[in-house]
Every structure is written in C-alpha cells, then in structure tokens.
Amino acid sequence: MKKSSLVFFVLLSLIPLFFFKKYDFGYHTPKVLAFWFMIVVFGVVKGFDVLKSQFLDFKINFIGVALLLNLLLVAVSGLVSVSPTLSFYSTFERMDGVVAFMFFVVFYLMFSQKKIENSTWQSIGFVSVIVACIVSIVAFFQYAGKDFTRAQGTFANPLTLAFYLIFHFILLWSYFISIIIGDGKNKVVISSICGLGLLLFGLGIISTGSRGAFVALFASLFVSALYFWNVFKHSRKALGLTYTVVVVVGVLVFIKLIGLKSGFARITNFSINDNSTFIRVYIWKTIALFWHEKPFLGWGKEHFVYFFTEHYQNAFHNSDDWYDRSHNFLLDKLVDTGLLGLLSYLALIFATLLVLFRKKSNIGHLQKGMILAVIVAYVGFHFTNFEGLISQLILFTLLIFISQNSESKTFIISKAQKIFGIGMVLLFSLLGYQLVFKTFDNYKTWNNIKLQTDNVFLINQYDELLENTTIGKYDMLLKNGLIRSTLMAEPSMANLRQEHYKSLVKHFKNQLTIMPDHPILLSQLGLIQFESGQNAAGIETYEKLRSIAPRKHTNILDLATMYMLDKRYEKALELYDYVLSFDNMYQLTYLNKTYCLALMGDKKAAQKCLQNVTKATVENNRLKYDSIMGILNQN
C-alpha cells in the first residue's frame, strides 16, 4: 500500500506535464482522463487487496461525512436538472460534471484510509515542486514571447496555472520557514535554493496576469505569518526578518517587471470599471436577484448557461465567454446545487478546519500553517474565479493528508469483504472501460478525424463517431457544424453540403432531446436550418430561443437577419426596434436596421438611421457598410 501510494502521488504530480498540444482541449481533457485512469487502476488493485485480506476496515471522520453529503446533493441536483446527462458527464471543454466530482470523492475515500509516512509525503512534495519549476519556466518563456498576452504554462488557461503556482509557492515557503527556524546543516545553501524557487514561482504567477492570484497569495502568507508568529514564539526575530526581506525583494522585483511589458500593468488594475471586474460584479448581482427561482437544489451542475441565458442583461453583450461560470466558486455552487449544496460545501470547509485544529491531530505546526495558508488562498483565489481539475486535486490531497493524520471512526467488515472486493474489481473495470477507455478513444479519434482532407470521409467519420459518443458529444457536434463553412466555399460540393446539413440537423435535434432548450445548441441548429434553405424551421428555432433569452442581443439580431433575408422586412424592423428599446447603445442594431431600411427602399429613413453608427463600427463591419452604401447610392 505504501509503495503504491507513493507511485500514485508521484504520477499525480506529473499530470501537469500531460497534454496534447495539437488536440482540441488538449491542455485539459487528457489531464482529466489521466487522473480517472489512475483512480480506476488503483481501484482495481485495491479490490484485489481486499480479496486477499481477512477483513476490511473503513475509516470516516467529519470531512468524509461532509464530503459524502455534498456528493449526494450534487448528484440529486443533477438528476432533477433539465439535462441529467449534461450534469453528470459534462463536456470535453469542462470535464466537471457529477462523474468528475465522484472521481474526486473516490480519490479521497481510497487514500484517506491508510497513513502515508511524512518521509513519503516529502518525496511527493519534492517531485511536485520540480514539476512546478518546469511549468513555471515554460510559462515565463511563453509570456516573454509574442504568442501569449497571459501565460498558461501547460494548462488550458492562466487561472489554472496561477493557483497551481500559488500552492507550490506556499509549499516551498513552508519548507523555507522550517529551514530558517530549524537547526539543520547547510541552512544558507538550502535557503538560497528555496529562495530561487520562490522567485521562479513568483515570476510564473506574475506572467499569468491574475490579480486574484496576488490577493490570494498575500492573504495566505499574511495568515500563515500570524499563525507562525503565534506558535513559534522563540523564533519571532528570525520570522520577522525573513518576512521583511521577502516582502522587500518581492516588491522590488514586481516594480522592475511592471515596466518591462504592458501586460504586467493588468495586475495593478483593480478598477471596478475594468471589463472583467465589472462583468464579475454584474453577474454576481444577477445571481443574488434570481437564485431563489431554484433555491434548494439549483439548476444542476454544468447548467450555468441556462441561468445566464435566461437572465441575460445588456451589460453582457461583449462578454459571451462568461456564459459557463460566474467566476465565484461559492456562487457557482449556489446556482449549480442550490442552497443545500452550498451549505454542504461550507460544512466541508468547516469540518476541514475543525479536524485540522483538533488537539488530537498528529499534524505539526508547520504543516498546519501551510495547510491553513492553502485553504485561505483557495477561498481567496476562487472567490473571483472558478474551480478546475488542478485546484480540486490540490484541495482533495490536503483533505487526504488531514484525514490520515487525524482521529477517525473505524468500521470493520469481516464477513462480506470478499464480495466487496469482487464488486470493487468489477465496478472499477466497468468504469475504466465506459468512462476512461471509450472516452479517450473517442477523443483521440475525433481529433485525428479533423486532419482528414477528404470531405466525404470526414463527414462520414463524424456521423459514425457521434452515434457512439456520450462524453464530448456536445463539443464534437459544435465542431462538426463548422465544417459547413468549408463546403459552402466550394460550389462543387453542393450535394455533399445538403447531405451534411441533413446529418447536422438530425444530430442537433437528437442532442436537444438530451439537453432540452440548450441555448448554444438551439442557436447553431437555427443557423444550420436557415443556411440549408429551411427558412421557416430556422426562424421557428430562433423564435424559441428568443422566448428563452428575451434580451440576448446577438440571438435577436440573428433572428431579425433571418426575417430580413426572407424578405419579411417589417418583422425584422420590429425586432431591431425591440432591441433598441432596451439598449440604444448597441451599434450593430443601428447598422443592421439601416441595411433593412435600404433593402426596403426607404433611403431617407436609412440615411437617418446611419447617423447613429460610429466610425469604429463602420470599420469593423466594412463589407456590410459598403453593401448599404451601394444600395443607397443607386438611382
């Protein structure tokens, strides 16, 4: 068990280095599937161990109880949601459904049972720090180049990298403190190496351009400083000097770097008028106003898009990339799982702190200070961001460490352990095949299909793959729909294009039976129907979308364009005026309305409407503007 645990956690430390650069979602999906694969393999091994044992002992404490309660509520919320399939399986882009959360809980339950020696944890930490150094170097070189405005290292986005490096900064900082206040040999050499590592992590964090990362890091170090100051009274002088030197050096390095690249200035911009800050606050206010519509169990995991679309506001029209999360992990849980789910999660945090600081805990002061700092950083950072695979792996690893070194209630199963062991082997084998092997095979096949140049073969392969896919079908379907732009550019492909349209409509409708009224699917289906000549069907789909999202500019303008191209000009004008009634600052509405008036032959009204269009809008929509002017200049 000890050796297998070491192997597991060392492999877990290497997950950040596992990615497929040329694959869609290649920086995220492979990492998730690698973690699932490790859990499945270890579960099968554990099942065989149970078969050989005379009895099975199972330990549980407050953390385990709170975690199981939270899983139950998350699962129930998903079952009663609009789309249980979406809640449980998620998408390739997110991989954050109930199934993913279940793997985290299984991870905790398996590894919290047997204590791992401190020396083993130290070895795991050493490997993890080395990997983090590699990732940090990659991130800084990314940022020094021209391809990235914000580094993301080997991850899917800068925010994941930011928290990953925050954790390792705190981990290395705690070891640095132990060297400073300890009596070991080679203090100067070891502390200097730690200092270089801290500098490297600090540079990596800066390269992410994340303001929340610096707030979270400062808060975590401040709390840990107060804790260390209280428990290490004999070392206060050394602690005070160390914190002072690090703060001074950190500030000097930060000031120096701020002037090197304009992107660094983002870190110091905490204005409420900044777009990302403004949108965050606006979404939070929206949630505060409407969460009570589904107060107890919420909309279901991965259903934020439904909430966002239904309560879409004028302020969101330049921020459609926010549709899947609120960028506040507590509000995400409130929307996903309702008040019950949020309270159970808060109970988990409370239980963690309770177990951590119980007198019977075997966790040392340095370790407590480090864990407390990580928890503060976790809450602080994710208060303005969303959770992901890496942040949850860090959290659950800490929960495992705390549970291993704390008092737990033990239950002994002495009669049915062999049945339990057989069940584990069969269950994990089934999960491995259905959720890991098949998903990875479909994911790999999907990305390889895209490399094909034969359009007929490409479309047929997509159709076959969509018929046999569960996890990731949503992503495949949206990407498959983009092929039509290639076919539209080739007149010789007219027949194939129509066949492709029929196939797309069929698959989108099938997916909408699984994800009813999903706004992204509806918008794509409507466009495909209209492009394929099914004008009435496309308009009907968009009218349904309008009823779901009555204030979403882009969808309403697309619907108006459909009416206009269908020569139902009065209906199009009605929609343009409707958009202007709740947002008269949205420039595209004026430009599109001008085009509609020009097509109707009302040049005077078109000229008057065109006066509302800014030069910037004209430059960004030059083709449409030239078309309008061509019509208006006709005799």
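Even glycines carry a Cβ here, placed using N, Cα and C.
Curation plays no part in TrEMBL annotations; they are all automatic predictions.
On a predicted model such as this, the values are computed, not experimentally measured, just so you know.
Residues or ranges marked as transmembrane segment in TrEMBL: 30-48, 60-82, 94-111, 123-141, 161-181, 188-206, 212-229, 241-260, 338-357, 369-384, 419-437. The domain 'O-antigen ligase-related' feature in TrEMBL is assigned to 197-346.
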The transmembrane segment (338-357) vs the transmembrane segment (188-206): 3 or more CB pairs under 8 Å:
no
Considering pairs 6 or more residues apart, do the transmembrane segment (161-181) and the transmembrane segment (30-48) have at least three CB pairs under 8 Å?
no
Contact check, the transmembrane segment (94-111) vs the transmembrane segment (30-48), 3+ Cβ pairs under 8 Å, seq sep 6+:
yes
For the transmembrane segment (369-384), find every same-chain residue at least 6 residues outside the stretch whose CB is under 8 Å from a CB in it, and list them.
162-163, 166-167, 170-171, 173-174, 177, 211-213, 215-217, 219-221, 223-224, 227-228, 231, 280, 327-330, 349, 352-353, 356, 363, 391, 394-395, 398, 401-402
Which of 30-48, 123-141, 212-229, 241-260, 419-437 has the most Cβ pairs closer than 8 Å to the transmembrane segment (188-206)?
123-141
Which one, 60-82, 212-229, 241-260, 419-437, has the most C-beta pairs under 8 Å toward the transmembrane segment (30-48)?
419-437
For the domain 'O-antigen ligase-related' (197-346), what's the mean pLDDT in this predicted model?
86
Give the residue counts of the domain 'O-antigen ligase-related' (197-346) per reduced DSSP state, in the order helix, strand, coil.
115 helix, 0 strand, 35 coil
